[in-house]
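**Student:** First the structure, which I've put down as structure tokens, then a few questions once you've had a look.
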Amino acid sequence: MAKLAHNNIYFFLIVIIYSIFIFSYDFTQSRDFDNYTDWYYFTVENDIGSYLAIKDPMFFILSKISHFFSVGVIGVVVFYILVSLWAKLKILSVLNVSASVFILFFVFYFCRFFILLEGTQFRAAVAVPLATLGVIYYLHGCKRSALFLFSVSVFFHLSALVIFLFLILSHIISKSKKSIAMIIYLSMLFFAIFFKFDMSILLSFPFLGDRIADYINGDYEVTALSLFNTYLFFKVILFTIIFSSCSLIYDEKMFVFASMSFFGMLLFVFFREIDSFALRLHELFALFDALLFAYATRAFNQKSRFLYVAVSLPLLAIFLNSSLSVLNINAN
């Protein structure tokens, strides 16, 4: 971290925060912990030909290793969180970010996604940063490293494929004129708003069909999400800042970051009739949201940057309160 060489305190602070979280958080109260426990015991009792070994190969392998060392499902979860931390720090290292971007990135992530991912969705917590790191390497021309990271992320969570597919689409669109790209994106958004997607179409897809069948058949409670929410409002403002700044939007790397964040919002809008599905898809692009929030400061002069951060504080407080509500749900 060249630009962070004189700010190692920030690096160690993040490590300390994660360490405190690992030693103090009661993972057994997590909303999904019982599912992980069931998968873990199913894994240690079955051979490599089982369904879980094909669906979640990394969880299968790590469960076997964790069982061998007698550290249980908690050992798997802690390993996931440590890899997640490494991947996020590696992202910022490869991007060679300034101290301010480093701080804003983690402030946003802790307020919006930390409890949700590291505290509940453990597989996504590791797959998302690994796939995002793959995007970063791809943009830096390291295609072999990118392919390796995408492959590993898919072994952790199959949904990481979504990030790879939208990276390809983002890269293609980035080659067109920015005015044409804006028309394409606005057209996609309006289509997603006014046309509801028939989820039953996805039932025939391997793995995915099994995942959404319970929602479509009514076995799980489903709630339609409103388009009038604080986070979408925040993202629209963020996109306005990014796409109105010539210094940012004509930077191919920033354009791809913005595009990936946009696709997260697009999927949220498109699949809003099934809340869990829409939220999970949107969360795949969490780190691009954090990167945009941090890099958006470049669109302002020095004084305006302080105003941007100050105005963002109430929204960050709302996001944090929403994240903490997950703990209350889990406790109940």
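Yeah, the Cβs are placed from backbone N, Cα and C, and that goes for glycine too.
According to TrEMBL, the transmembrane segment annotation covers 9-27, 66-87, 93-115, 122-140, 146-170, 182-208, 228-250, 255-271, 277-295, 307-329.
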**Student:** Can you name the far-off residues of the same chain, 6+ from the ends of the transmembrane segment (146-170), with a Cβ under 8 Å from a Cβ of it?
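**Tutor:** Cβ under 8 Å, 6 or more out: 55-59, 80, 123-124, 126-128, 130-135, 137-138, 207, 255-256, 259-260, 263, 267, 280-281, 284-285.
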**Student:** Spell out yes or no: are there three or more C-beta pairs under 8 angstroms between the transmembrane segment (9-27) and the transmembrane segment (93-115), with each pair 6 or more apart in sequence?
**Tutor:** yes
**Student:** Counting only pairs at least 6 apart in sequence, do the transmembrane segment (228-250) and the transmembrane segment (277-295) share 3+ Cβ pairs under 8 Å?
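**Tutor:** Output yes: the transmembrane segment (228-250) sits against the transmembrane segment (277-295).
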**Student:** In the same chain, who gets a Cβ under 8 Å from the transmembrane segment (307-329) while lying at least 6 residues past its ends?
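**Tutor:** For the transmembrane segment (307-329), the nonlocal Cβ contacts are 29, 31, 104, 107-108, 110-116, 119-120, 230-231, 234, 293, 296-297, 300.
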**Student:** Are there residues at least 6 beyond the ends of the transmembrane segment (255-271) whose Cβ is under 8 Å from a Cβ of it, and what are they?
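**Tutor:** Apart from its flanks, the transmembrane segment (255-271) reaches 135, 139, 162-163, 166-167, 169-171, 173-174, 178, 181, 185, 188-189, 192-193, 197, 199, 225, 227, 232, 235, 238-239, 242-243, 248-249, 277-279, 281-286, 288-289, 291-292, 295.
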**Student:** Using a Cβ cut-off of under 8 Å, list the residues of the same chain at least 6 residues beyond the transmembrane segment (277-295) that approach it.
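**Tutor:** 88, 91, 95, 97, 100-102, 104-106, 108-109, 112-113, 116-117, 121, 124, 128-129, 131-132, 159-160, 162-163, 166, 199, 212, 215, 225, 235, 238, 242, 248, 254, 257-258, 260-261, 263-265, 267-271, 312.
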